[in-house]
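A.B. asks: Dumping the structure here so I can ask a few things about it.
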Amino acid sequence: MIEMLFVKVPNEIDRHVFNFLSSNVSKEKQQAFVRYVNVKDAYRSLLGELLIRKYLIQVLNIPNENILFRKNEYGKPFVDFDIHFNISHSDEWVVCAISNHPVGIDIERISEIDIKIAEQFFHENEYIWLQSKAQNSQVSSFFELWTIKESYIKAIGKGMYIPINSFWIDKNQTQTVIYKQNKKEPVTIYEPELFEGYKCSCCSLFSSVTNLSITKLQVQELCNLFLDSTFSENNNF
């Protein structure tokens, strides 16, 4: 099972709404918001955590005050429940993936880059595949590979401790395959076409994932959820 949730980042969130939503996340996260130079970075960080909290509250029936985020030795967040999650954001979109197996997700806005950097950072087999693409699709293909590689690294949970060229993506088969030390990795890769101008990939460290659910949310829905939760707490006689 993989549940994907995504929300569009508004150009502006009313200050009172932002403060209310912020009150539903950890003090550590709240303190981090004031350090952001770009307010939209704070929006992205807030919305990412709220997506996870929404799932835990509504699906697992966990009270918001009982949700505590921790980090492993490599900095990947986790919770003390039988669930795995990962968050990514790029420009105007925030996405998260939730699963009963380790999972990673990455979204990137397609932007102009020098394709030659792929030769430096990618595995040689990936660079050969990239060079085989039509010139007008190479940039899009670059971000296709990049998001798959990022989602795999994030699923493992070791961040950049895993060299990005220590494994390679085989796009020449009916399904996307990852090889590490010439051995096929037991993973499942999804590449949902969510939004024009973006690439998104999701990786599960389980080879037989068959159930994928994708849900688009509005900021107002998150507001309503936490308003309802607050009202219930204040009227719990």
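Placed from the backbone N, Cα and C atoms, the Cβ positions cover glycine too.
Summarising the annotation, Swiss-Prot assigns Mg(2+) binding site to ASP106, GLU108, GLU150.
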A.B. asks: Under a criterion of Cβ-Cβ distance under 8 Å and sequence separation of at least 6, what residues of the same chain contact GLU150 (Mg(2+) binding site)?
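C.D. replies: Correct list: SER88, GLY104, ASP106, GLU108, SER201.
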A.B. asks: At 10 angstroms around each C-beta, which of the binding-site residues ASP106, GLU108 has the fewest other C-beta atoms nearby?
C.D. replies: GLU108
A.B. asks: Other residues with Cβ within 8 Å of the Cβ centroid of ASP106, GLU108, GLU150 at the Mg(2+) site?
C.D. replies: SER88, SER90, ILE105, ILE107, PHE143, TRP146, THR147, ILE148, LYS149, SER151, LYS199, CYS200, SER201
